[in-house]
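Here's the structure we're looking at; comments come further down.
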Amino acid sequence: MSTLIIYFLGAFVRYWLITSEYQNVIAERIEISTPLNSWKRVTEGLHLLKLGIYPYAGDSLHESPLNLLAFNCLVKIFGEYLHIVFVVCDLLTSHLLYMSAKKYMEQIRKTQERNKANYAADAKDLLLTDKDFALSPIYVCVVYLFNLYTIFNCVGMTTTVFGNLFTALFLMALNYGSLFAALPLAIVISQSFYPILLLSPLFLHFVVTRKSYIKAGAAVVLCVMFWSIITYLCYRIYDRWDFVENTYGFILTVPDLRPNIGLFWYFFIEMFEHFRSLFIYSFQINVTILYLIPLSIRFRQDPMLLATSLLSLTAIFKSYPCLGDIGFVLSLYPCWKHLFNYIQQGFLVSCCFLVTTILGPTVWYLWIYSGSANANFYFGVTLAFATAQIFLITDILFSYTKREFSLIYGRIRKLNSKKAQLMLE
Amino acid sequence: MKALLTLLAISSTAAHCTSDSFTEELFIKPLYTEHIYSHFHFSTIWNTDLFSEKFRHTHLFPRALGEIIKRHNVQELHLSLTAGLWRYETWGYPVTSAAPGAELWAWFKSDTEDVNSNWKDLASSLSGLICASFNFIDSSNSVSPQYSFWPNGVINEQKVNSSFLRYSSLPREIVCTENLTPWKKLLPCESKKGLASLLNSGYIHNTRYHSLSIHFRPICRDPKCKFTSIEVQQSVDLVYDYLILGSRNWSVRKLFGQGILGPCPLAKSSTVYVDVSSNSTFPFQLSPEPHEFVYSSRGGYESKFAKYEITEQPLALAANYIDKPSVVINSPPALHANQYLTGYGQELGGIVTKLFNNHWNTLDVVVLQNIPWYVPIYLHTLKILSNGVVLEPLSLKYIPGKLRERPYYLEIVLTLPPRSTTLISINFEHVFLKWTEYPPDASHGFYISSSVISSLLPLARNYTGLPQDATMIVDSFNKSGYGYLVQVRTEAMVVTLPTPDFSMPYNVICLACTVVALAFGPLHNITTKRLVLKPDNKEGLVGKIKQKLDVIKSKLTGTKEKSEDSSSK
């Protein structure tokens with residue numbers, strides 16, 4: 001009953017905002033709509049399609065042709081009531097996250113039962129109780145439904161809403177150990193490319209929890225196959241390949257330097273021309289393969305944590321990040337509610353989130369509308385925002401390792417009855 | 001033998017003399033407001049075929065221009081350099097209309113292989129020829145309009161293929177003496193003799209509006225069009241303000257600083273026309289008396305011109321107004337237009353083109369907009385409202401632009417309702433450029449070129465334009481036709497794009513990389529190191545201070561002991 005009320009409230013807030021006069025203002029915010037996900041650009045693409053103009057001739061549209069076709073169907077079917085689709089999709093996402101969190105908590109419970117014998121005597125307090133197992137999924141759902149970032153993302157009618165839906169579907173299928181996870185993953189890869197990193201948790205899940213290399217390999221092959229099929233279908237729609245330049249090419253080469261909450265825009269506005277390609281390569285390597293292998297090795301036992309940390313790092317470092325990506329990752333963190341005790345910079349990070357969320361639109365207004373600030377102000381805010389997110393994810397990963405240590409070696413930090421300190425070496 | 005050679009030489013020069021001709025005309029028209037319009041028209045016709053002519057030797061035709069035309073495979077060329085804005089609403093239509101700044105459009109021959117590279121090279125050559133910044137023209141600011149520009153001259157093909165047409169304008173271009181001097185050098189007499197000697201930069205830049213133009217095209221040699229000739233028309237349009245002149249009474253000396261001293265000896269005819277149609281409402285006295293009056297009935301409107309043939313006798317043409325100035329109600333021409341920007345801030349904006357149809361009947365117009373790539377427009381926001389009612393375009397051509405590569409090309413064909421005001425609005429976003437892409441004065445803003453509104457007017461009220469087959473102004477007298485082509489150019493606009501802090505590149509690179517490093521450090525630690533318990537060596541701040549003090553103390557006491565030792569020795 002209470003969960004129903006939560007869903008209802010979440011839907012109400014979204015519906016109220018999306019039908020209000022603020023919808024336009026929210027949809028135009030650069031923090032919410034980037035060139036990649038703005039509905040305005042999809043509308044433009046559909047309009048060009050209607051006039052018989054090839055939509056990828058210009059550079060306003062960065063959705064794949066298949067997505068454009070799907071949006072065209074959506075617009076045709078729902079017409080004026082299109083905003084309801086966004087609200088429903090967002091609710092669906094929250095429910096899928098709830099389901100995946102529930103399944104994940106079950107896995108944790110199983111692991112805990114299995115390893116209980118190895119745990120230190122004084123680590124009993126650290127074990128998760130039934131209450132924890134029951135609460136975490138609800139928290140995940142509540143955070144997704146009532147997180148300002150996701151609400152605004154939905155109200156702004158960005159295509160990230162659909163991206164989040166398929167990512168949530170992928171996470172659920174992953175936790176249920178279904179090979180079906182490959183399909184939603186292929187869809188999100190075709191939309192925003194960076195989720196290609198999630199192939200690693202997909203592979204590891206089947207290796208670690210299902211102990212099956214064949215299934216793991218099959219999952220990856222399936223995903224790549226689905227992706228190829230999607231790409232081929234995209235090609236078949238117009239029999240032209242130049243959509244690749246407008247989708248993946250656009251994501252990777254970052255030609256549009258419109259500000260967003262990421263690190264790319266000001267960096268590449270101010271870049272010296274002869275270093276541009278060097279830094280584009282290094283920034284893209286930073287977000288794609290730099291952390292992939294180390295994290296995959298270190299957290300191979302917990303593919304869900306691995307997936308979350310990869311999602312979080314891409315949300316911070318990708319070329320066109322938006323609040324919807326960050327809201328999605330934030331709503332996954334309550335799965336590790338039991339780690340929050342170990343978090344060292346919780347206060348700093350929450351203050352940072354609060355301040356940057358308020359300061360961002362303020363300095364944007366000062367810069368763009370009243371002309372009394374300049375680009376550096378907004379850049380500073382995005383830097384602080386990125387730093388806060390980095391602190392949060394690294395803190396959670398640290399906490400995870402600390403808890404692992406405490407479970408096995410106990411909570412008392414003493415070495416030969418002398419005071420000792422826990423250090424990385 | 002000698003006699004034969006001389007004879008040959010004479011006959012060859014004679015052949016050349018008959019094969020080309022040059023005419024010069026000056027047309028002066030008092031405008032209904034506080035302005036006077038003067039138009040210089042120089043045209044050269046050369047009876048030679050454009051396709052076979054090599055431009056190795058020319059007589060009256062400007063060879064420098066001919067070489068460029070040959071080299072870049074040009075079929076037709078139109079360029080203008082303009083300062084100021086022609087006020088259609090009060091001034092009527094000019095003889096040749098031009099957009100503020102520099103404007104260039106050219107048709108290439110249909111056998112041209114690479115039109116884009118020819119276009120760029122042509123623009124660069126012209127920039128050298130008349131010292132203007134045409135070299136900034138390339139495919140990133142040029143369009144190929146399908147409806148607005150048609151070949152003015154003869155074409156070989158039955159069908160017109162607009163892929164051989166390029167149009168571009170540079171609204172920021174400033175026109176000055178440095179353009180006038182090379183422009184005058186293209187004339188047979190340069191500025192030494194004839195009407196061109198009136199073009200003194202000190203006077204003609206003291207105007208409300210001045211425009212230099214060159215129009216080159218192939219034309220028919222005879223009515224059957226069995227042979228073709230080539231023609232170049234050079235014109236200067238000037239609008240003087242009575243306020244700047246000091247009085248309404250004008251004279252050639254007041255306008256140009258000197259009287260007319262004689263014709264260009266190479267010119268076939270050298271004439272001055274003064275439009276005296278307004279003489280009935282604003283009587284003025286011309287002195288000396290004109291040689292003859294020419295009456296013209298065109299498109300339902302009667303005009304009267306005073307004609308002066310220029311002879312070796314100096315001519316001091318002047319007009320004296322008889323009445324005191326009176327207020328007159330302006331009757332605007334059938335079609336005129338404005339353009340402006342909407343919105344505030346540097347995030348979102350809109351472009352509005354306002355078309356006025358003052359005619360009692362509907363008017364078909366073509367609106368061409370060449371919107372630069374740094375003003376990305378959204379076609380789905382295009383709204384056409386005529387007197388508040390949505391108007392459906394008859395045809396719409398749109399090629400979306402591409403960042404740093406191609407402008408947004410929009411051409412709309414509309415039927416304007418009678419006596420209506422039509423608003424065409426479209427929204428755009430401000431782009432953020434790389435720091436090196438901003439001009440030195442970044443806050444000055446970026447220009448959006450004027451849109452071109454073309455229409456065939458059924459009546460020739462306030463119309464002075466030349467018909468398509470005309471070479472001289474005199475050809476336009478008594479020349480009624482099916483329609484009167486007008487091309488109204490609107491204002492150019494300036495949009496200020498948001499700027500980065502230009503002094504920051506190093507700081508930005510350092511700061512952004514620091515944030516990346518902030519992630520790299522901890523993640524590297526977590527993934528490559530393991531947790532171990534280490535003996536705690538820290539004793540807190542007080543302990544540390546105590547330790548330090550102990551060290552100092554021991555040192556001090558040690559030295560004391562040492563000094564005691566040395567003293568005892």
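Numbering starts at 1 and runs along the chain as displayed.
The backbone N, Cα and C atoms fix where each Cβ goes, and this holds for glycine too.
TrEMBL annotations:
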- A:81-101: transmembrane segment (TRANSMEM)
- A:141-174: transmembrane segment (TRANSMEM)
- A:180-204: transmembrane segment (TRANSMEM)
- A:216-238: transmembrane segment (TRANSMEM)
- A:250-269: transmembrane segment (TRANSMEM)
- A:278-297: transmembrane segment (TRANSMEM)
- A:317-335: transmembrane segment (TRANSMEM)
- A:347-369: transmembrane segment (TRANSMEM)
- A:375-398: transmembrane segment (TRANSMEM)
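Touching of the transmembrane segment (A:278-297) and the transmembrane segment (A:141-174) is ruled out by the presence of fewer than three CB pairs under 8 A, sequence neighbours closer than 6 excluded. Counting Cβ pairs under 8 Å that are 6 or more residues apart, the transmembrane segment (A:141-174) and the transmembrane segment (A:375-398) reach fewer than 3 and are not in contact. Beyond the ends of the transmembrane segment (A:375-398), by six or more residues, the same chain brings 259-263, 266, 269, 299, 305, 309, 312-313, 315-316, 326, 333, 336, 339, 342-346, 348-349, 352-353, 355-357, 359-360, 363-364, 366-367 to within a C-beta distance below 8 angstroms of the stretch. The list of residues near the transmembrane segment (A:347-369) in space but at least 6 beyond its ends in sequence, with Cβ under 8 angstroms from a Cβ of it, reads 29-31, 148, 259, 261, 375, 377-378, 380-382, 384-385, 387-388, 391-392, 395.
Counting same-chain residues at least six beyond the ends of the transmembrane segment (A:216-238), those with a Cβ under 8 angstroms from any Cβ of the stretch are 54, 56, 64-66, 69, 179, 181-183, 185-187, 189-190, 199, 202-207, 210.
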